[in-house]
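Here's the structure, in structure tokens; my notes come after.
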Amino acid sequence: MLLLVKNLLCLLKFNVYHVSYTSQLPEHKSVYPEVQCLSCDVEPNEESTGNGSADSKVGITRSTERARKIPQHHEVPLLGVVFPVITRGHTECVVTTMVPPPSSSCLLSVFASNLILTPPRRVYDQGAGAPRFWQFAGTASEAPFPPRPAGASALCLLLRPSLLSCPSPVDGTSLVAEACSIIMQAFPVHRLQPLPPSTKLLRLPTTASARRTIPFVSAAASSPSTSQLAGSATAPDSPAVAFWDYQLLFASQRSETAEPVLLRAAHGSVPADFPRGTYYLAGPGIFSDDHGSTVNPLDGHGYLRAFDFRRSGGSSDEVWYSARYVATPAQREERQAATGRWRFTHRGPFSVLRGGRRVGNLKVMKNVANTSVLKWGPRLMCLWEGGDPYEIDPASLDTVGPVDLVGSDHGDRRQSDGGSRGRVVDVAAHFLKPILRGVFKMPPKRLLAHYKIDAKRNRLLMVSCNAEDMLLPRSTFTFYEFDYNYELKQKKEFVIPDHLMIHDWAFTDSHYVLFGNRIKLDIPGSLLAVAGLHPMISALAVNPSQPSTPIYVLPRFSQSPNQDRNWLVPIQAPSQQWALHTGNAFEERDGNGNLKIQLQASVCSYQWLNFHKMFGYNWRTGKLDPSFMNLVDGREAMLPHLIQVSIELDAKGTCYGCSIANLPNIWNRPADFPAINPDFSGQKNTYVYVGSSSGTRRFLPRFPFDTIVKLDLSNGSAKSWSTGNRMFVGEPIFVPKGIEEDDGYVLVVEYAVAQQMCYLVILDARRIGEAEAVVAKLEVPKHLTFPIGFHGFWSTK
């Protein structure tokens, strides 16, 4: 039995599977005493613009293992794999197979009607007793992969290019995605089993010029037919399906929209009372270049998506979609505008380059503007955790440039009383600042990607951290409050004598609230990071040394109540939690001046969080491992989940009570990305909307999310809506349309990885949990399918 799917998967260093095609043919006896696995490295013709030969060099790797006791009478081998090469404006396919042609008209044309092949171009002979390999060349059309013809004794696995009309060589991920699609769609006639770890690869001698790895880039545009999609969506749950579904969720999208595209309603229609406005979604767009480097999703260049809700002609409602990369200096340097090819030159905090310079590479602060997006006043901005926001033209999504909102002055500074220890830290900071700024190009202050909007006062609230504090046992947080025209109304700085990492935060009428995520400097990791051998994030590690969670309640105004409290002393929450995202915080005061602050947040365990494995990315191998996000066997509580914190202060600010209620008592599955009606931000709220998992996928039980949950904090109830099989969802966004808190709609993107499609889903917030929850489902054109986004923003016109 010949197992040829491994040839491509071995090449790209992915998990490997046995694949066999089960037919109803008479007994087929294998002539090979060993299982043969091929690995072909294809070098697209460097003269593909029109000069020279169309020949592609193929090196063959063969691995063997002792034959298993597999019934042969229903086994038909996969005989070949097709690699497309763009040559002289058309697509040429190179086929390598172990089946000799019966005549000059190639046998394989029988099995792939959309592949016209020439007579054999080349024969690889490995000596007596070993099978021969024939190579053919031909031209492929864009017709869908045909079913196995009746009576065929073999099947050629055809991997089509993602876009036959594209001028550049087709990338390797499209091939992987197409292989995945064909394999998954063939259930139940295909069986997938992992190869044993003892399988060895022995590479045959090839010339140096024949060695080139197919670049791992985008799988988003690969296009199986509609009939195949229906079959693939119902594929049985298995480790192989789970693995590929996870990879496709992070498939790169290189295409941008020059003009907005009208979205087709796949289900329902936009309701007449839906507000006019734009839903913006930020997130990474590309995860690998054309030279062998991959990056953690957190280091992927920002890809801004916009869904513009318009009214056209009377009462008809339309949604227009557009998407552009944020043109930061790093993005412009790493993408060749003329060819569209990518070469990563910046390391980024979470990644290590493979095809670029590693040792001595000081390009660390790769501002990718991929984390969140904000439309406030006249400005649309994309934010990242480590640098200035980038302003975007709302009409065209063109990048205007960086925006310095925070400046360098100190404002109202509340200095910590650090004593001699504080003076030592000040000296260290004095020497660190010019190094970080001059050598590593780090800004003196970095804005957090998470901001807040105080709807009551119509203010934008933002927070910055000092760059040097990431390496020092102190944390400086500066809070800014802007009006709608970006006039700075207030600025307060707090210096906390603890080493903290903050991603998200909260505010109330009179306080800023911070979860103190404790970190520490990792000396060995720092040396390896500076040397370029490890990601820069290796310089830091979580610090689970304390059994509790420090929560800092900082005065928002100079005349805030409870001013007798020493804000340097954190409130110790009774369990150790790492805060990820906050939903809301609000305060209530009784007649005696006592204050109760309540906060909803998603948290995880210090024991689970690993800076080196965010999203399951392994920087050593460049792989995404879904198992990191899918703990089982009683460890589920370590994953992101929801909590509600209650803090009670007396009139003098003394804390006399702090408790954490696990909202898993309402909803007991992992959850994240809490969202509320933005009109209630900083005020008492009843409802929280979160992304979660239904738990129906055996091999992806926790993440990616496939469910939107509406939590009612007043009565402890939860209602949910789940998407279909092999579909996932991102962050929910609430769009208010009335005065009552849940009077509105919830927007969420549905990622149909089995179809390699994206849909914008509109949910009626009041009907979540009912059959009629989905009001409309809008289809993004397949060639514009995008990877999972991070955070979004609704801007009402």
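Including glycine, each Cβ sits where the backbone N, Cα and C put it.
Annotated features, as they stand in TrEMBL:
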type    : residues         : note
BINDING : H503, H581, H791 : Fe cation binding site
SIGNAL  : 1-22             : signal peptide
8 Å Cβ shell about H503, H581, H791 centroid, Fe cation site members excluded: T371, S372, A449, H450, D504, L580, F673, F790
Neighbourhood of H791 (Fe cation binding site), C-beta criterion under 8 angstroms, separation at least six: L281, A282, G283, T371, S372, V373, A449, H450, F673, E731
Listed in sequence order, residues with CB under 8 A of H503 (Fe cation binding site) and six or more positions away: E385, L448, A449, H450, N517, A579, L580, H581
Neighbour count (Cβ, 10 Å) for H581 (Fe cation binding site): 22
